[in-house]
Each structure stands twice: as C-alpha cells, then as structure tokens.
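Visitor: From TrEMBL, here are the annotated features:
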- Glu338: active site, proton donor (ACT_SITE)
- His369: active site (ACT_SITE)
- Lys497: active site (ACT_SITE)
Amino acid sequence: MWDKLNAHHESVAARRFETLFDGGRAEDFSVRVGDMLFDYSKTNIDAEGRALLIELLERADVAGRREAMFSGAPINETEGRAVLHTALRNINGEPVTVDGQDVMPGVRETLERMEAFAADVREGRFTGQGGRITDVVNIGIGGSDLGPAMATLALAPYHDGPRCHFVSNVDPADIAGVLRGCDPATTLVIVASKTFTTIETMTNARTAKAWMSETVSEPAAQFAALSTAADKTADFGIAPERVFGFEDWVGGRYSMWGPIGLSLMIAIGPRAFRQFLAGGAEMDRHFRAADWSENMPALLALVGIWHNQVCGHATRAVLPYDNRLSRLPAYLQQLEMESNGKRVSMDGAELSVQSGPIVWGEPGTNGQHAFYQLIHQGTRVVPCEFLVAARGAEDDLHHQHQLLVANCLAQSEALMKGRTLDEARAKVADKFSGDELERQASHRVFPGNRPSTTLAYPELDPATLGRIIALYEHRVFVEGAVLGINSYDQWGVELGKELATGLQPVVEGRESTDGKDGSTAGLVNFLRQSGM
Ligand SMILES: O=P(O)(O)OC[C@H]1O[C@H](O)[C@H](O)[C@@H](O)[C@@H]1O
C-alpha cells in the first residue's frame, strides 16, 4: 500500500496544488462536524490520493480497531489494558464494559462527587483554615498537568471560580513562584498523579505540604488527590472524601476528561465542564459513525500521514490564531509524540515507515514575527495546521479579532501561492536594476506550494474545546492504527527516569562518578565545583 501511495506522490509531487482549485475543491476537500469546519483543500491531496489513503485505513482495519477501543477491548497490548477515555465523556450514552462489567455507573458516580466538591469549593462550603478558598494549586506533570493547564487557559472567559495555578516542574523555581502568590490558609492543593509515584509531583507535593504546615494546623485537610492509587493517596494523608479515583484504562495524556480535570471544573464550574464533555462525546459519535471520506479525525490523520510518511515532511506546526490556545502545541506534543513516537509495531518488528511527526508551534500572530520566515522560505517544507475562531470573547474588540482572522487566512494563502521571481522583480524594480535587481529579487521569492489545513469554528466555548481535543485524540488513534503501533504505552520515558534515580546520589556527592562515561562524570564534577 505504501508503494502505491509513494508512486502516486511521485506522479503529483511536481505540480502546484493551487491549480487543483476548480470551483468545487474547497467544498470537496473540507468536512464539517456541527458548526466546525476542517479545510484540507490547500494540500496536494487529490481524489485519487484521498482514495488511496482511505484504502490504507481499510487495509489496517482501523474500523475494527476503533470498535475494539470504544467497546473496552485491551488494545493497549503491551500493558494489557483497555483504552477508554471516551467512557469519561459518554455520560448520557450506552453501557461500556470492561471484563464484563459496565464501567459507566462508576464514571458517573465519580463525576458527581467531583461536581459536589467543585461546587463546595466555588460556593464557599469547603473552606481553608483561614476562610474561603482563593487559590487552587494543581501539582502534576505530563498528562496530569498539560490537559487541565491548557484547557483552563483556553476557557479563561468562562472562569468564575477561584484562581487556578499549575505546578509541574521539579525545578524549585516553579513551585516557589506559584506559592509566593498564595495564602496557605486559603489555598487548596490538588495532587494530580495517575500513579502517585512520579518523582517531580511527589517532591512538589511534599514541598507544598511543608509550606502549608508552617501556617495551618492541618495541612492535609486542604489537599485533594486525583489518582488510580488509593493506597498511596492514603499514605500521603489525604482523606478518602477528597480522593477522586480513576482506572488504569485512562491513559495519562488522555485523562483530562475525568478526575484529572478537577482544577478545570473548579475554574469554570460543573455545568461548563459537562459542556466540555458533551463536545468530546459529539466528536466520538461522529468518529464512530461517519464514512471515512467525511470523517474529520480520519481525514486529519490521513493528511498527517500524507505529509509525514508519504511526502517525508518530518515536522508539523500547530498554529492557533487563538491566543488562549497557546498551550495547545505543548499539549499536542505529549498527545501525539508520546503516543506515536515509537519505532516498533505492536508485534515488536521495526516500522517500515517513519513514526509520528515532530509537533511544534506557537499562537499566531506571534509566530509570524519569529519563525514563519523558515516556514515560507526555508529549504524544508513544514505542513502547517491553523486554528481560528469566527468570534473572540472580547465583543468590544471585534475589529481586532477580524485583523487576527485576516492574518490567519493570509498565511495559508501565502504558503500556497508564494511569490514568483517575476513578481519579486516587479516589487523592487523601482529601486534596483541589472545584477543588483536579480540579486535583490531572489531574496524576495516565496516558493509557495506549501501545504496547510485550517480548523475553523464559531468561538472557543467549552463544547468546542471538547470537540477539538477529542478530534486530535482520534487523529492520534488513526495514525497509530495505520502504523500498527501501540499509541497507549510510553516505554521511551523509562530509561531517563531510571538513570536520574541512579545519578541522584552521585550529584549529591554521596557516591563517586566511577563507572560513568567521561562526559557525564565531567559535567557532575563541573557543577559540583560550580557550587551545586
Ligand atoms: O500522572 P502521573 O502518574 O504522575 O504521570 C505523569 C506523566 O509521567 C510519565 O512519565 C508519563 O510519561 C506521562 O504519560 C504521564 O502523564
């Protein structure tokens, strides 16, 4: 199948895809879910290419795998686990069984407990030892941080609860900076860790407890925990009524829909949180029911596969023209790269094509004044993924929002059309002539023919954010299924963790650097001599 796709790519690689626009292309190469539009017409994918890409999905039995996921089969084969983050947002849906047991009653009960607690915090029934809660500090890392931090920022206009802060890094600068602005007597600390063993999180949690115990008599009373490890939360001293558990069928980077979303729920309220869940569930229904040719997550995945595995573009840029999505690229880095950054397929054999792409990005228009130079004129092609809303939350500044939208659309147009040498000459012909005109003009040429997609939606409300995040989750699923890899484990993070544990006594000077490589030993010695 890859051969067929590669042959097709070779046959179309030289053409300019702007010539494909024949009046119907924009409609034919875009898809809607409710009031959200995904436009992939500014790519070199034509009807034949799309048909071949869809054949890829059929050959990999992505439909069968999709049903296996939604129905609770253990598709995370290396860990023997189901993958059921979709159950967390299936609040009004069908039963979902794992090992013959319907998990939905438990999901609903936990959601209701979270809602009761969030309401108590927001409405002042749960207080700190110095009064009403003014600040919530979520301590977590990776999937226990990026999702709620990204979403709390994204939904800032809906934020009517206490201030929310996120501490993730073991660098003491992170927690010190946050705690400096909080009053221990009115702060709620949420320790978010699926395993409750992650060294960064547990270290920061102990630091927060010590900080709180300097002021309040019962620090643990102002702690809540989000974890699958009830025994460990109890050992930390957190009472069971403030522990919100979940099961191992929720992967860390897919977990913001359940207890890991508690800080978001406290920020925006249980009602808006349910709208976020409903948006995710809407995308799930679409993903399960729509034909591949009309299926937004599948098409987003196929565009990704076309650009990465077929065209050979190693990276993709995520460019939200929506400043409140400024953490989306970081969130997607974990979602996509921890899921599909794998070199072997499910059966352990090496992949015959590239693994998932390198994902990066920043909000527009900021990026335009920084790295877009390379995107437009560098030697490498970087497929770009734009996101843009019709309206912002600032009604009185709508004209400014329209300027933002104009910039977004201008970028995808510029990437596609570029600027020819003749056009570049015309731009500077009044200033230069002869050889100097040629030299100056060549710097002003834009090759164009650079692909991009645009996801457009009316406004960034909770339901829309839910649809966007579920869209990307399913994209990752489809890309992983086509590559034949397990998107739900993350063995690649283990080695560094093990070595860090071994290096700690060396760094502290309790053990020698004997046995370490010359570079590592040299760096330890330098840092120790430099005051570490
Ligand atoms: O939630 P935790 O168990 O603390 O895990 C936090 C994070 O750390 C790990 O190293 C994994 O790479 C991530 O997938 C995970 O989200």
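From the backbone N, Cα and C atoms, a Cβ is placed for every residue, glycine too.
Looking at the shown structure, what environment does each listed feature sit in?
Guide: Within the same chain, residues at least 6 positions away in sequence whose Cβ sits under 8 Å from that of Glu338 (active site, proton donor) are Gly142, Arg253, Gln490, Gly492, Val493.
In sequence order, no residues are near His369 (active site), counting only same-chain partners six or more apart with C-beta under 8 A.
DSSP assigns Lys497 (active site) to a helical segment in the three-state reduction. Spatially close to Lys497 (active site) yet at least six residues away along the chain are Ile199, judged by Cβ distances under 8 angstroms.
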